[in-house]
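Quick look at what TrEMBL lists:
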- 29-51: transmembrane segment (TRANSMEM)
- 214-233: transmembrane segment (TRANSMEM)
- 239-263: transmembrane segment (TRANSMEM)
- 289-308: transmembrane segment (TRANSMEM)
- 314-335: transmembrane segment (TRANSMEM)
- 342-365: transmembrane segment (TRANSMEM)
- 385-416: transmembrane segment (TRANSMEM)
- 538-559: transmembrane segment (TRANSMEM)
- 565-587: transmembrane segment (TRANSMEM)
Amino acid sequence: MGCCSSASSAAQSSKREWKPLEDRSCTDIPWLLLFILFCIGMGFICGFSIATGAAARLVSGYDSYGNICGQKNTKLEAIPNSGMDHTQRKYVFFLDPCNLDLINRKIKSVALCVAACPRQELKTLSDVQKFAEMNGSALCSYNLKPSEYTTSSKSSVLCPKLPVPASAPIPFFHRCAPVNISCYAKFAEALITFVSDNSVLHRLISGVMTNKEIILGLCLLSLVLSMILMVIIRYISRVLVWILTILVILGALGGTGVLWWLYAKQRRSPKETVIPEQLQIAEDNLRALLIYAISATVFTVILFLIMLVMRKRVALTIALFHVAGKVFIHLPLLVFQPFWTFFALVLFWVYWIMTLLFLGTTGSAVQNDQGFVEFKISGPLQYMWWYHVVGLIWISEFILACQQMTVAGAVVTYYFTRDKRNLPFTPILASVNRLIRYHLGTVAKGSFIITLVKIPRMILMYIHSQLKGKENACARCVLKSCICCLWCLEKCLNYLNQNAYTATAINSTNFCTSAKDAFVILVENALRVATINTVGDFMLFLGKVLIVCSTGLAGIMLLNYQQDYTVWVLPLIIVCLFAFLVAHCFLSIYEMVVDVLFLCFAIDTKYNDGSPGREFYMDKVLMEFVENSRKAMKEAGKGGVADARELKPMIK
């Protein structure tokens with residue numbers, strides 16, 4: 001961070017000439033080395049957990065006596081039933097699989113290694129005995145022979161809880177899991193404290209399980225709609241804003257109208273034909289529909305009022321979308337950036353979760369109060385999971401920052417190439433090449449700064465959740481204020497980082513210098529930044545709303561056959577959240593392109609004046625957008641001091 005301490009660098013950056021794409025040099029090499037060392041440490045944690053036998057215990061499973069299923073085991077000192085040969089017993093079976101320990105997040109039951117999982121429900125001890133004799137899979141404790149299941153007085157303690165639910169082995173992990181997950185409903189009830197009537201929760205869970213095919217289909221629909229919207233943005237950007245505005249209004253009105261129609265239809269339906277047992281469910285349905293309809297109405301009214309206020313600035317957004325759409329025409333691979341980023345994040349998250357599971361089963365065998373075996377790490381190594389958590393945040397932010405740098409590099413190449421026919425064959429791949437060769441250190445430093453802010457916020461959120469209901473009003477207010485301040489700081493740093501990556505892509509400077517240069521440019525163009533971001537972000541938000549409303553409306557129509565309207569809430573929430581996430585991933589790329597274009601334009605107008613030898617890099621469309629933006633800000637009385645000279649773009 002030493003480069004951030006220079007007092008004169010900000011002044012020097014305003015006088016220094018920017019040379020776009022001319023000089024390439026490696027930036028922030030010490031931070032790249034630090035990041036590599038950190039990743040080596042992450043690999044050491046994974047290797048250590050595998051070397052200590054955690055991988056075998058995780059994949060094959062182990063019983064309550066420390067024996068790994070599916071292999072021969074060595075005897076553990078002072079632990080009975082350890083050191084058994086379980087070569088033929090490859091599956092872990094829990095005597096009471098539905099007994100969940102919410103505090104420690106594990107199944108609170110005796111675990112045994114068995115030869116086969118019971119595929120059918122076993123209602124009596126006689127059924128358990130027959131299963132053991134026919135399949136050679138003893139489901140009671142090792143100390144009890146199958147012939148003693150029905151005669152021993154210890155059977156109620158040493159045998160599984162009756163009835164034994166039908167179960168099947170989990171793929172790759174050799175655990176017998178109940179086929180019917182209804183026994184886990186109590187676990188969900190403990191987590192969802194706002195549900196006072198447990199029957200409602202059971203109906204919600206059953207609604208998700210019953211409509212899982214519809215939920216999957218609607219999630220795919222949201223993905224298709226997002227792709228279609230990106231194509232529309234690319235080819236018809238001039239009319240896109242009006243199309244979005246009309247469709248969002250129609251979608252909101254249509255969804256609201258359908259909900260009120262269903263409410264009226266349900267209210268008019270005769271209640272004399274309803275059996276008494278179903279009367280309460282019918283009243284819940286009617287109340288649920290009324291809540292949905294009122295919420296949709298309030299949302300529609302607020303949305304309409306916001307659009308009414310923003311209507312005068314639509315012309316600016318039309319020009320802005322046209323310029324960004326032109327970039328996507330020249331750089332079509334930008335559309336697929338969310339896929340590569342998501343794929344990289346999923347791969348890393350899978351690795352991280354697997355390593356975390358390894359850490360949960362690594363260590364030395366320790367006997368607990370019940371006489372069963374648990375594996376725990378002692379000494380300094382027990383804090384490895386803290387390192388692992390920091391790695392989750394830093395590397396995830398690093399992957400996201402690589403996407404920002406890649407997009408910035410490609411758009412910068414497009415903007416500062418006067419003759420667009422001389423663009424690289426694949427500007428995206430060229431940007432990736434520059435990122436790997438020169439700027440990984442800059443990305444590592446920027447992502448680490450975000451990590452430094454995110455970790456304290458997460459710690460405060462954890463403390464707040466643990467002290468909920470115990471702290472006084474003052475402490476609660478202080479905690480929430482700190483969390484809010486850190487969240488705002490994180491958002492500001494994210495925006496500054498993105499512009500710093502753009503400055504690095506332009507001039508190949510280190511992170512601190514780029515951040516200072518970008519900050520100076522943004523401050524000098526504060527009014528333009530506010531106008532463009534406000535209107536542009538709002539229209540992109542409308543695109544997300546359109547996809548969510550369309551997917552939600554399709555969900556309402558598909559779920560209409562389901563007469564128990566109360567069960568709609570969870571499937572619709574899942575579908576709408578997924579639709580918003582998908583839309584956000586795609587449209588965030590568009591927003592990123594707009595931000596990069598604006599910073600390029602601001603630098604272009606600051607260091608070029610249109611005279612011979614200092615021609616502008618921008619094209620006519622972007623210049624028209626800037627002129628329209630300047631006129632709109634003057635009319636609104638917010639333009640401040642504007643440059644009156646004629647701007648002459650140069651196009652070869």
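Glycine is treated like the rest: Cβ placed from N, Cα and C.
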With the cut-off at Cβ under 8 Å and a gap of six or more residues from its ends, the chain residues touching the transmembrane segment (289-308) are 245, 248-249, 252-253, 255-256, 259-260, 262-263, 266, 538, 542, 545, 565, 568
Quick one: do the transmembrane segment (342-365) and the transmembrane segment (239-263) reach 3+ CB pairs under 8 Å, ignoring pairs fewer than 6 apart in sequence?
-> no
Top partner of the transmembrane segment (214-233) among 29-51, 239-263, 385-416, 538-559 - counted as Cβ pairs under 8 Å | 538-559
Please indicate, using numbers and ranges, the residues of the same chain that are 6 or more beyond the transmembrane segment (29-51) and have a C-beta under 8 Å from a C-beta there.
-> 351, 355, 358-359, 361-362, 381, 384, 387-388, 391, 394-395, 398, 440-442, 444-445, 448, 511
